[in-house]
Amino acid sequence: MKGGKRIQFTRPNRINNEIRAIKVRLTGVEGDQIGIVNLREALEKAEELGLDLVEISPNAEPPVCRIMDYGKFLYEKSKSSKEQKKKQKVIQVKEIKFRPSTDEGDYQVKLRNLIRFLEDGDKVKITLRFRGREMAHQKIGIDVLNRVKNDLIELAIIESFPSKIEGRQMIMVLAPKKK
């Protein structure tokens, strides 16, 4: 056999014989206070019930220990943390690019996508890009952004509206309205 270092798995709580205190404040299975007892007595009570003695708060004086099924406790804890992760909605910023010369059909498709993103609860970044001579007609670009703003007034709140051109583009950010 090949010898090597074993990776030590550390639990978040000490259980059974890992507890180092002499006396512990013992809590029963249902959360009822049993009182301050010797560690040996607490271990015997847990063993009688076929459960584990788990050190809940090691920094207390004396440390608080509870009689419980440690495997079930870990399972419930991981299950509840997974539930909480599921409930959290990560807000993404979706980007749609327009040009000052975007045709009506393309405009409608992009508008439909904007509506879908906002209904899903995502923020939307609308980038209006200028190329070549389009830079001379910035008013047309602002008109396009105003049209988008007016079409989405019921669904979105304007977080930022461009006052001037940045480089060769204008950027407007929309956030969904709270329901």
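Cβ coordinates come from backbone N, Cα and C, glycine included.
Features as listed in Swiss-Prot:
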SITE      Tyr107  site 'Important for 30S binding'
SITE      Lys110  site 'Important for 30S binding'
Spatial neighbours of Tyr107 (site 'Important for 30S binding') that are distant in sequence (at least 6 apart) but have CB under 8 A: Phe98, Arg147
Packing count at Lys110 (site 'Important for 30S binding') (other Cβ atoms within 10 Å of its Cβ): 16
